[in-house]
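What follows is a single structure, written as structure tokens, with notes after it.
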Ligand code: LLP
């Protein structure tokens with residue numbers, strides 16, 4: 001192995017670039033599997049009933065879902081497109097859970113017709129529509145009730161979801177969750193498995209989860225007394241933080257699980273409730289650190305004493321997170337990994353937009369046009385949030401496993417870009 005090159009899963013980044021071009025998403029599949037297993041192994045060791053559902057919004061493709069399926073994960077989908085991908089990957093339908101704050105009739109019907117494992121009901125409108133469709137199909141559906149426990153996790157506002165002033169779910173304090181439960185229990189077409197909450201994303205501590213569980217258990221206690229209803233499932237969502245840069249200090253994934261399980265166990269014990277199945281829905285923590293984006297360096301603009309702009313051949317079209325959330329990333333020059341860091345540069349995307357900056361103030365070796373830049377931890381919400389601004393094509397995605405590279409999503413072509421355009425002449 002030439003010492004100066006970055007290797008991903010045993011393959012040189014430069015060779016991958018040569019073979020597939022840039023920008024390129026590269027996933028180390030072993031890393032994905034290890035992340036999945038740190039969740040499942042911890043649940044196994046604690047001896048509780050559980051499901052780990054991969055939140056496919058983080059990165060969905062047929063190959064990715066096949067890996068999730070091989071790891072025995074359940075699957076969280078939030079749209080017809082994500083469900084369609086799951087069906088194409090032959091995901092076991094009973095392991096699919098459907099989310100969404102505005103599920104369309106088509107989405108609900110597709111879920112019913114394919115007999116998916118459960119629907120996470122989000123609002124009163126949905127309950128009525130779902131009930132009508134279940135009547136029409138003369139069938140039943142397992143549901144979880146999405147609640148917002150009034151917890152503010154410490155993360156970016158746009159990815160906060162557990163506070164009461166949220167577009168998602170039924171809030172616990174106003175009585176809306178009670179009303180939703182009553183409605184569901186009174187309809188024979190619903191099997192109410194229990195409750196769901198997701199307090200936010202990229203969370204580095206367990207305090208928010210513990211608070212959410214306690215809040216939920218106050219409600220579950222009340223539901224036992226008032227409706228003689230006991231939850232058989234408690235789904236605590238995802239949100240476990242990952243390392244993007246050295247400033248991030250995530251907990252080992254098993255620690256989140258241990259804390260969640262212990263808190264649920266202790267609440268059940270104090271309140272004399274049966275221990276439910278504990279479900280979680282991690283997305284980012286399964287794929288985030290396993291993905292790297294490779295770019296080719298193009299133009300370099302030096303403003304002496306001010307800044308050096310190094311432009312790459314992608315940007316906010318393949319990674320909108322810096323522009324949208326001021327997210328920080330780390331990167332290395334993949335063909336110069338052992339060279340001393342001698343300059344500070346800022347990495348610009350190539351979109352016609354000043355805000356299209358991927359990294360500010362990155363320490364690099366002497367950087368030149370033609371170098372390969374590897375941005376780390378781009379495996380979650382990168383490809384899945386890719387877009388066609390400036391009519392850029394979406395990159396290819398390559399999986400590496402056992403020292404072999406596999407193209408799993410082809411690079412889009414310009415033909416793909418215009419395929420739905422119709423002439424107006
Ligand atoms: N469950 C539910 C109901 C969710 O809404 C989410 C994320 C997850 C699970 C998975 O969360 P994770 O483990 O990946 O943090 N685009 C943003 C993240 C939005 C997350 C939306 N929901 C980003 O790039 O940071």
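Cβ atoms here come from the backbone N, Cα and C positions, even for glycine.
Keep in mind that what you see is a predicted model, and the values were worked out from it rather than measured.
For 25-379, the entry in TrEMBL reads domain 'Orn/DAP/Arg decarboxylase 2 C-terminal'. The domain 'Orn/DAP/Arg decarboxylase 2 N-terminal' feature in TrEMBL is assigned to 31-287. What TrEMBL records for 57 is N6-(pyridoxal phosphate)lysine. Look at TrEMBL and you will find 239, 281, 282, 283, 284, 381 tagged as pyridoxal 5'-phosphate binding site. Among the features that TrEMBL reports, substrate binding site is placed at 284, 321, 325, 353, 381. Taken from TrEMBL, the feature active site, proton donor applies to 352.
Cα spacing between residue 281 (pyridoxal 5'-phosphate binding site) and the residue listed as 'N6-(pyridoxal phosphate)lysine': 11 Å, rounded to the nearest whole number.
Under 6 Å, Cβ to nearest atom of ligand 1: this is the test, and of the recorded positions 282, 352, 353 it is passed by 282. There are 29 other CB atoms within 10 A of the CB of residue 282 (pyridoxal 5'-phosphate binding site), with all protein chains counted.
In this entry, 239, 281, 282, 283, 284, 381 make up the residues listed for pyridoxal 5'-phosphate, with the farthest two CA atoms of the set 15 Å from each other. Listed in sequence order, the residues 55, 57, 58, 201, 238, 240, 285, 286, 380 complete the 8 Å Cβ shell around the pyridoxal 5'-phosphate site centroid, once 239, 281, 282, 283, 284, 381 themselves are left out. Note: the Cα of residue 353 (substrate binding site) and the Cα of residue 381 (pyridoxal 5'-phosphate binding site) are spaced 20 Å from each other. Of the candidate recorded positions, 57, 321, 325, 352, the one lying closest to residue 283 (pyridoxal 5'-phosphate binding site) when CA atoms are compared is 57. Each residue contributes its Cα atom, and for residue 282 (pyridoxal 5'-phosphate binding site) and the residue listed as 'N6-(pyridoxal phosphate)lysine' these two points are 10 Å apart.
Largest Cα-to-Cα span within the substrate-binding set 284, 321, 325, 353, 381: 27 Å. Closest to residue 239 (pyridoxal 5'-phosphate binding site) by Cα-Cα distance, out of the recorded positions 57, 325, 352, is 57. The most densely surrounded of the binding-site residues 325, 381, judged by C-beta neighbours within 10 angstroms, is 381.
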